[in-house]
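Novice: Please see the structure below; I have some questions.
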């Protein structure tokens, strides 16, 4: 009679009535002293207790199975039942309530009124695994028509709303019997607390005399749940079974992750909770804000923003995950503007820095004035206004003197000198030289040219008078003349002595300059016979045309050379009228160098020269119709900007960049092999001919080539500082061929920028220091990487580390071959001596 699974369930009156005699059982407690009769003829304990058959007492250690040890126990006995409608028995006025079906007596029945689909339900007050339900019908009503004539459904489950529970067995229609009893077997044990019986689809009365519910096990509540989590019950919800708890992503389990169903139908521990995972809610970023609209827990995002004047570095948001925030927090970095700004011929001062809200101030060097605002302020979008420029202060360039000439070789700006001279028959009154000052005024008053005084010596007048009056006075005149000659000699000697004395009071540089002029005058530089007879051209064969270039002491003209009946377009370079004797010597040396270089495809060819006639010193070279490379590239840029068709030669793409660069490298290789140094290699000194043929020259054809990128050295010479190698910038050290390689890198920059000026934002005064610190111009937009790599090789600080022109030519050949084998030419540059003019 003992069964651990049913301890505490032996409390029904029906069971007690079925037991006779007075055997006692020590357990469970509520059964102590209750008599058990006739148990000796049955196997008492069914293997679940210490009972001895045939004795008057039964010691049960755990629980009871029923009145007989081999019988199942009806767990519905005595439980609370309900039904759809309570019927009153009119015969004895006794209500046929729902509890009548579970009172253990077959003589009292529950009965509903007549209605549609009446039902009855019992609450088992615990959870069980229901294996079968026995339904016994009443027989007092409807004159033999019992409820079993109707379709009936039995349901078992955990829901008080029984319509949500599972069906046990099948619908059926019974055959009329006196006491019909139907047993429904659940196809599988159904866990649940509620058992219901209902007529389906019909109107009638439901009468139940006894409903027995038999179970296989005690179960716990299977409706147990956990918010924001899941329950896993692989083995069910009955005694001894475990269920597992887990939480949804973003939640942490608080409590035990499992629980076990006990023999009393309860879980052995509290259900845990799922607590939402939250991240640190105290996060902040300096100089910025953190915004969280939804909170700081799993799945929530927070957003970052920066204060004015700062910009976000990193992601603008982060999301809380189970392990914490999913990415690093950003930082707010102060917005700073370009701190390398420079203005040519001026200074930039930023005492407070270059970041948002800071101002920088501009000032100009002596001799320059500011054009534009004197300051700018850094804002979030950059500097708030355009940078000013330093414009050179210039004096009145309309200065003239009547009956004289103004010589302004260097110009009319600050530091420039202009000199004055008078026409024949006039003499200069005033200072012959004046300098433009910082305030835009000349340092001295402008002189004037006055006619020479036409005074007649008194002696000559006397001679004329005496000669006309009488021949007798001839002797007197002879005597007077002799005296005058003596006096003149003495005066000359005195003037010479005074000149020597005055020289002691002149500045040293004036004395040296005067001596140098005297030495030059003593040795005229221009030969009386042809310097280069094989190339000498009669000046009369040269017809000068339009002036196409001008320098500090030279002029360039487009000209025509006549040979017999034929004419040839040429370029003639000559000297200005104000050129010094030293300039004439340099010009002759230039002619000799052109002859010595010989003929090479990429070096400007000599046509002839004029060296005999002093006022017609000419260097005659071939004419290149497209002018200098600098202006040619700028025209290509204009075509690109304005989309104006200018002919195929101006369609300057990457392939053309390499073609031009290779020709220049080939020409410079020839110059280098000829043991010459160019010294002024730049795009302005490269000329462009038909079919994009380029040739190296030592002069340009543009008006502004003598000012752009140059820094004043003295009154008669300008130096191309931005094209010069750093070793040349140091105390005027001599050039080497590797110094020309540095300049070739600048030419590559000019080519790739279509005529852009090098170091556009670097003042010449700061150039050497910045180069020595490692600064190099960045890769221009649109420049091929291979060409920029060649630039960087040319700009190596140590001359010995720079490539030779031959290697540069080979590198350019290999890169140009990418566009087709017909463009690759690797033959070394060779030249021949120029042919003399027939």
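Heads up, the Cβ atoms here are built off N, Cα and C, so glycines get one too.
Nobody curates TrEMBL annotations by hand; they come from automatic prediction.
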Novice: For the feature transmembrane segment as recorded in TrEMBL, pick the matching range from 443-465, 466-488, 489-511.
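Specialist: Feature transmembrane segment in TrEMBL: residues 466-488.
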Novice: Between residue 573 (ATP binding site) and residue 422 (disulfide bond), find the distance joining the two CA atoms and give it rounded to the nearest Å.
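Specialist: Between the Cα atoms of residue 573 (ATP binding site) and residue 422 (disulfide bond), the distance comes to 27 Å.
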Novice: Validating a neighbour-count step here. Other CB atoms within 10 A of the CB of residue 422 (disulfide bond): how many?
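Specialist: The answer is 21 other Cβ atoms.
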Novice: Tell me which of the disulfide-bonded residues 247, 449 sits in the most Cβ-dense spot, judged by other Cβ atoms within 10 Å.
Specialist: 247
Novice: Between the Cα atoms of residue 449 (disulfide bond) and residue 274 (disulfide bond), what distance do you get, rounded to the nearest Å?
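Specialist: Each residue's Cα considered, residue 449 (disulfide bond) and residue 274 (disulfide bond) end up 110 Å apart.
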Novice: Taking the Cβ of residue 274 (disulfide bond) as the reference point, list residues of the same chain whose Cβ is under 8 angstroms away and which are at least six residues distant in sequence.
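Specialist: In sequence order, the residues whose Cβ lies under 8 Å from that of residue 274 (disulfide bond) (at least 6 apart) are 226, 227, 228, 229, 247, 248, 251, 252, 253, 254.
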Novice: When a 10 Å sphere is centred on the Cβ of residue 573 (ATP binding site), how many other Cβ atoms does it contain?
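Specialist: Result for residue 573 (ATP binding site): 23 other Cβ atoms within 10 Å.
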Novice: Quick one: average pLDDT across the domain 'EGF-like' (35-70), no decimals.
Specialist: 40
Novice: With DSSP as the reference, give the number of residues of the domain 'Sushi' (277-334) in helix, strand and coil.
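Specialist: The composition, in the requested order, is 0 helix, 27 strand, 31 coil.
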